[in-house]
Structures are given as C-alpha cells and as structure tokens.
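What follows is a single structure, written as structure tokens, with notes after it.
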Amino acid sequence: MTIVDDKHNSVELHTVQPITVQENDTIKTNQYKISDDPNDKKLLRKLDLHLVPTMTLLYLLSYLDRVNIGQAKLDGLTESLKLTSIQYNTCLSIFFITYVAFEVPSNLVLKKLRPSRWIPMIMIAWGIVVTLMGLVHSYGGLLACRLVLGAAESGLFPGAAFYLSSWYKRREFSWRISILFSACALAGAFGGVLAFGIGHMRGICGQEGWRWIFYIEGTVTVIVGIAAFFLINDFPSDRPKFLTEEECDRTITRLQSDAGPGAGEHFSWKQVRAAFLDWKIYVFCLCDISLIVPFSSLSLVSPTIVQGLGFRSYRAQLMTAPPFVFASITTMITAYFSDRYARRAIFIIFWLIIVIIGFIILIVAQNLNVKYFAVFLAIGGITPCVAICIAFISCNISPHTKRATALAFMKSVGNCGGVIGGQIYRSQDGPHFILGHGINLGFCVLGLITVIILFIGLRFENHRRDRLYGDVSNVNSTTSIATKESNKEVVDVYGGCGSEEDRRKWGYEHMSEEEIRDLGDKHAAWRYIL
C-alpha cells in the first residue's frame with residue numbers, strides 16, 4: 001500500500017497501527033517534527049491542571065513525612081526515646097536502604113499496574129507508617145518504622161518523574177519536574193512552620209509534641225492517598241477521561257514527534273538490559289549521588305545546623321523556612337530558563353559553583369549572619385541542581401521502558417547519598433560542623449566534574465551522528481502519521497521507523513520494526529539535549 005507526499009512521490013507503507021480519532025481528523029508529522037498547533041497551549045494548560053498539582057501535592061507530603069523527624073528532634077524526640085547521636089543518625093540513614101532497594105522494582109510495577117492504582121496504594125502505606133511512628137517508645141521501634149517507610153515511599157518520586165515524562169515533550173519537562181521537586185523546598189519551609197505550630201499541642205491527651213507531628217502528618221497522608229485513587233490519571237495511551245479523543249490523539253502525536261524514530265512504548269526486557277549497558281546511566285548515577293548527599297543532609301539536618309548558628313530550638317524551626325522558600329524560587333526560575341533554552345548541564349554547573357561557594361563560607365566564616373547567608377546559597381543552589389538532573393536524564397534516555405529503568409536506577413544509586421548524608425553531621429562536631437560541610441563540598445566538586453563529562457560526551461555524540469548521518473532535520477521521512485479516509489483511523493506509517501531510504505542510510509534495512517523501536521536514544525536520528 002502507498003501514500004503520496006506533498007511532492008507527489010509514492011511512499012511504501014510497511015506497517016499500520018490504527019488509533020481511533022474523531023471523524024475527519026487528519027494528523028501529519030513531517031520529518032519527525034510536528035509543527036506547533038495553536039491549541040497546544042490550551043492542551044498544555046489542561047495537562048498541567050490535571051497532572052502536575054496532584055503529583056506535587058503527593059510529593060510534598062512524601063518529603064514532609066520523610067524529613068519531619070528532624071523537626072521532631074527539636075521537639076524532644078531524642079530525649080524522650082533516649083537516643084544517642086549515632087542512634088539518631090542511624091534512624092536517618094536506614095530509611096534510604098529500603099528506599100534504594102525498591103525504586104527500580106517499583107517503577108517496573110508502575111508500568112504494569114498503572115499509576116492510578118500503584119501510587120495511591122504506596123501512599124496509604126507510608127501514611128500509616130508515619131502515623132505509627134508517633135506510638136514508638138524505643139530506638140528499635142523508630143528504626144523499624146523508618147526502614148518500612150523507606151520501602152513504602154520508594155516508588156513515588158521516580159514513578160512521578162517517569163509518569164510526567166510520559167505526558168510532556170522533552171523541552172517541556174524540566175519546568176514540570178521542577179514544580180514537582182519544588183515540593184521538597186516547600187516541605188522544608190512548611191515543615192518547620194507546621195512543626196512549630198503542632199509542637200504547642202504537647203500535653204493534649206497526655207502526648208508529647210513530637211508525637212503529634214507524626215499523628216497529624218501521617219493521617220493527612222492517608223486521607224490524600226485515598227483521594228488519589230480518583231485524582232490520578234494513567235498514561236496518554238489509556239485515553240483518560242479529562243481529555244477528548246482529539247486531545248488524546250494530539251498528545252500522543254506530540255510525544256511521537258518529539259521522540260522521533262526508535263521510540264517504542266511497549267514493555268521490553270531488552271530495553272531494561274539496555275539501560276544497564278549504557279555508559280551514560282553510570283555517570284548520571286555518580287552525578288546524582290554527588291547532589292543527593294548535600295541535598296539530603298541539608299534537608300534532614302538543617303534544623304540542627306540553624307540551631308547551631310545560635311537560634312533557640314523553637315526559633316530554629318521557623319528560621320529553617322526562609323532558605324527553603326528561596327530554594328523553591330531558584331528551582332522554578334531555573335526550570336523556566338532551562339526549558340526555554342533547552343539546556344540542562346549549564347544550569348547544573350552554575351548552581352554547583354554557587355553551592356561550593358556556600359559551603360566554603362560555612363567552613364571559614366565566623367560571623368553568624370554570614371553563615372546564615374551561606375545556608376541560603378547551599379540550600380537554594382543544590383535544590384535546582386537535583387531537579388534539573390532528573391530532567392537531564394529523562395530527556396536523554398529512550399524508549400519508554402529504558403527510561404523508566406534508568407530513572408529509577410539513577411535515583412536508587414543517588415539516594416544512597418541519603419545514607420551518607422544522614423551520618424556526616426554529628427552532634428560532637430557542632431556547632432560549626434566543619435566535617436559535614438567539608439564532605440558536602442567534596443561531593444559538589446565531584447558533581448561538577450560528572451556534569452562536565454556528560455556535557456562533553458553527549459555533545460561529541462551529537463556531532464558524530466551529524467557527521468555520519470546528516471542533520472536530523474534532513475531525515476527523509478515525509479509522513480509519519482496520516483489519516484485513512486475509509487474508516488476514519490490514524491495510520492502510523494512505519495511506526496516512526498523511517499522510510500526505506502532512511503533505513504538504508506542508517507544501516508537498519510535488515511532490522512525489524514521492533515528492533516528499531518528498541519534502539520531509542522541509540523538511533524541514528526536521535527539527538528541529545530545538553
């Protein structure tokens with residue numbers, strides 16, 4: 001069967017994949033790029049309204065439940081349970097052991113079980129665990145709760161990041177993931193104020209103030225988790241009810257055009273293996289752990305660090321809020337310009353330099369106001385780095401299953417940094433914490449080196465593919481999707497695998513369609529976003 005392009009040339013059709021659309025709809029994609037539709041802004045606003053706020057709320061509660069132990073410490077947790085400094089730090093770090101172990105399996109389950117089922121289930125589970133943390137009376141009980149909490153929370157962030165990357169084009173993703181990640185900063189700011197207020201409930205029902213922090217925040221999480229069954233939608237291919245048929249088709253077409261050739265959405269163990277055989281994944285992992293060590297340590301221990309600057313415990317809870325508000329602002333501004341200019345590495349490099357300056361000030365300065373300013377630099381700089389790193393890997397890994405695996409694996413390795421971050425600020429090093437600041441400084445330098453390696457390596461690969469196969473805009477594929485008039489179906493020509501001429505140029509003439517789709521970012525026509 002053939003079709004005729006705009007120049008009246010015949011093109012042989014090899015495969016046909018029907019997708020039902022509205023009558024008389026016509027969808028075309030030329031040269032693997034689809035022109036911007038005036039209705040895309042309306043569609044994006046609709047997606048943003050139905051997808052981003054829900055995920056952001058869920059992650060805010062997740063991070064709040066993870067780091068509220070730092071606020072509970074200021075409210076008497078360690079004294080009540082008679083915890084030593086080592087025992088408390090162990091409770092901080094043990095969370096990340098199960099968190100890391102279950103991230104990759106959770107993302108694979110998410111792909112199979114669907115987000116609208118899996119995410120609410122794990123949310124209810126960790127909400128129950130947080131509530132029970134208010135009932136513990138020993139070090140062992142707190143340790144067990146933190147261990148189970150890590151397993152329950154492990155699936156949310158990598159799952160939410162993968163979920164959003166399945167809805168937005170690569171150049172639209174950084175803004176959305178940064179909105180999601182800004183929930184961390186908001187949790188840090190909101191958590192301090194909330195803990196200050198809840199702390200005044202001490203004595204009610206004979207309960208200490210720190211127990212009420214866990215009771216209230218855990219109960220809220222369970223309630224929102226139940227509501228999430230009705231708030232979360234699945235993937236575009238599942239045709240969610242909040243979109244019309246035409247909007248579903250447009251969403252799918254935009255994603256196909258952005259991914260280009262070699263972008264299969266089917267589950268494939270070959271793609272899972274491909275993720276672990278890609279050099280980029282391991283450099284991304286090293287980069288992420290370099291960012292997570294300072295990020296997690298500052299998130300968990302910032303109340304203690306601020307208290308060490310001379311603030312009383314109740315005021316220290318309030319004074320942790322401004323740096324995290326600043327971090328949410330820097331994250332959103334960075335995301336805006338990152339998407340606008342389609343650049344990732346340069347923004348991470350810039351903010352890492354700022355964070356390095358912040359830690360140097362914390363090490364050498366004596367003035368408390370200057371040190372507090374350095375806390376702003378450190379927290380406000382490291383937060384956008386972590387958010388952009390997630391967008392960096394998500395935009396440069398394809399196809400679907402490979403991206404889900406790579407993202408979860410990167411976060412698994414990266415979150416090992418949480419184990420380190422929970423140990424480096426020891427009570428005996430206070431109030432200056434030179435050792436902790438020095439270790440964080442070293443990890444930031446390592447992160448800077450890895451980002452530069454990724455930038456140079458991906459840039460070199462883009463130039464190599466341009467030299468061997470020509471500029472991607474010159475790919476000779478005249479039509480990717482066209483309408484079959486007889487039964488009002490959209491026909492996906494080649495499934496994004498290229499014309500006969502393209503296949504010969506790329507050396508793929510003897511490969512099956514599924515093999516080409518499994519290539520993903522290894523495809524000759526793929527170009528990395530730097």
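Each Cβ is built from the backbone N, Cα and C atoms, and glycine gets one as well.
Heads up, TrEMBL stuff is auto-annotated, nobody curated it.
According to TrEMBL, the protein has these features:
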DOMAIN    51-465  domain 'Major facilitator superfamily (MFS) profile'
TRANSMEM  118-140  transmembrane segment
TRANSMEM  146-165  transmembrane segment
TRANSMEM  177-200  transmembrane segment
TRANSMEM  212-232  transmembrane segment
TRANSMEM  281-301  transmembrane segment
TRANSMEM  321-338  transmembrane segment
TRANSMEM  345-366  transmembrane segment
TRANSMEM  372-393  transmembrane segment
TRANSMEM  405-425  transmembrane segment
TRANSMEM  437-458  transmembrane segment
Highest Cβ pair tally under 8 Å against the transmembrane segment (437-458), stretches 212-232, 281-301, 372-393, 405-425, lands on 281-301
Review point. Okay, the transmembrane segment (146-165) and the transmembrane segment (281-301): do they have at least three CB pairs under 8 Å, pairs separated by 6 or more?
Key: no
Annotated stretches the transmembrane segment (372-393) and the transmembrane segment (212-232) touching (3 or more Cβ pairs under 8 Å) = no
Answer key: the stretch among 118-140, 177-200, 321-338, 405-425 with most Cβ pairs under 8 A to the transmembrane segment (212-232) is 118-140
Looking only at the domain 'Major facilitator superfamily (MFS) profile' (51-465), mean pLDDT returns 87
Same-chain residues at least 6 beyond the ends of the transmembrane segment (321-338) with a Cβ under 8 Å from one of its Cβ atoms are 174-175, 177-179, 181-182, 184-190, 192-193, 302, 344, 347, 351, 375-376, 378-384, 387-388, 391
Given the transmembrane segment (345-366), its same-chain partners at Cβ distance under 8 Å and 6+ residues beyond its ends are 287, 294, 330, 334, 337-338, 373-378, 380-382, 384-385, 388-389, 392, 433-434, 437-438, 440-441, 444-445, 447-448, 451-452, 454-455, 530
